[in-house]
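Asker: Copied straight from TrEMBL:
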type     : residues : note
DOMAIN   : 42-293   : domain 'G-protein coupled receptors family 1 profile'
TRANSMEM : 24-50    : transmembrane segment
TRANSMEM : 62-88    : transmembrane segment
TRANSMEM : 100-121  : transmembrane segment
TRANSMEM : 142-164  : transmembrane segment
TRANSMEM : 198-222  : transmembrane segment
TRANSMEM : 243-264  : transmembrane segment
TRANSMEM : 276-295  : transmembrane segment
Amino acid sequence: WEFNGSFYQPSAFLMMGIPGLEALHHWISIPFCALYLIALLGNCMILFIIKKTQSLHEPMYYFLSMLAVTDLGLVLCTLPTTLGIFWFNMRRIGFDACLTQMYFIHILSFIESSVLLAMAFDRFIAISHPLRHPSILTKTTVIKIGLAIILRGMVSLLPIPFLLKRLTYCGKTELSHSFCFHPDIMNLACADTKVNDFYGMIILLSTVGMDFIFIVLSYILIIKTVISLATKDECLKALNTCVSHICAVLVFFIPMIGLSMIHRFGKNIPPLVNTLVAYTYLIIPPALNPIIYSIKSSHIREALLRALWRK
């Protein structure tokens, strides 16, 4: 512990695996390893196929590449601490290291939310204004959107680690997860956390919350456009291009909203439920997104089959 007058700050936190199942951590690590492996190989495969296939060099797949890179980042942020607990019971993480991990997890989550919004915008333009789509979403525009997404995430979350460092912490240092999460760290403080809570809520609502609202609005406009199409086949063909994206949105936003609600309002929810929702939020989307797009996108699937055939 570091002592400075009335200011207390722990040198480290203790992370939690799966509460009540500590004796089974070695066995539980097997499905986690499988999910991490699927996420790493699947997203690397998506990036490789898009890079090597000239016909996939268009906005929809550029945004898919951004999603894959973000998912890889999320996996690499949580993999060392999660498997460290399951394999070696390495629960200790330094205070500054915890804040760093927390910062990158939240940045990557916000970036993924923004990328999903950009993908919704791309689908709206492609369906509503197909002839203008190439001129609206040029390669330069996509790059600018990508840089704006990264900058928004970095700047909006930059105060969070400093707001946590100014707090006084009590004797409890055990986190609820095998990774560092802002509300989880904040709950260990014995100082007034109103500023942290208010800022965290405002940032969450103004970024991820607004992204979700605009995604819903995009699909309302898409549905209005699809309904106006002449034939049923055209309607189904247009909607089929959105199925992968809708699945990715649901897989990401449902556990994220659930985890945020649990941390803020679910004081009486069993720790096991909290832990499972957290793992679902950070591990399942990176593992499922490559599978979803490989199955539903005929272009990705055909490019993958060609690559395997050449091998």
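The backbone N, Cα and C atoms fix where each Cβ goes, glycine too.
Unlike curated entries, TrEMBL annotations are predicted automatically.
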Asker: For the transmembrane segment (243-264), which stretch among 24-50, 62-88, 142-164, 198-222, 276-295 has the most Cβ pairs under 8 A?
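Answerer: By Cβ pairs under 8 Å, 276-295 leads among 24-50, 62-88, 142-164, 198-222, 276-295.
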Asker: Mind pulling out the one from 24-50, 62-88, 100-121, 142-164, 198-222 with the most Cβ pairs under 8 angstroms to the transmembrane segment (276-295)?
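Answerer: Answer, by Cβ pair count: 24-50.
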Asker: Give the nonlocal contacts of the transmembrane segment (62-88) in its own chain as ranges (CB under 8 Å, at least six residues past its ends).
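Answerer: Answer is 15-17, 25-26, 28-29, 32-33, 36, 39-40, 43-44, 46-47, 50-51, 101, 104-105, 108-109, 111-112, 115-116, 118-119, 122, 139, 142, 146, 149, 178-179, 248, 282-283, 285-286, 289-290, 293.
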Asker: Given a Cβ distance threshold of under 8 angstroms, which distant residues of the chain, six or more beyond its ends, lie next to the transmembrane segment (142-164)?
Answerer: 59, 62-63, 66, 99-100, 102-103, 106-108, 110-111, 114-115, 118, 182, 185-186, 189, 195-196, 199-200, 203, 206-207
Asker: Compute the average pLDDT of the predicted model within the domain 'G-protein coupled receptors family 1 profile' (42-293).
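Answerer: Here the predicted model's pLDDT, averaged over the domain 'G-protein coupled receptors family 1 profile' (42-293), is 90.
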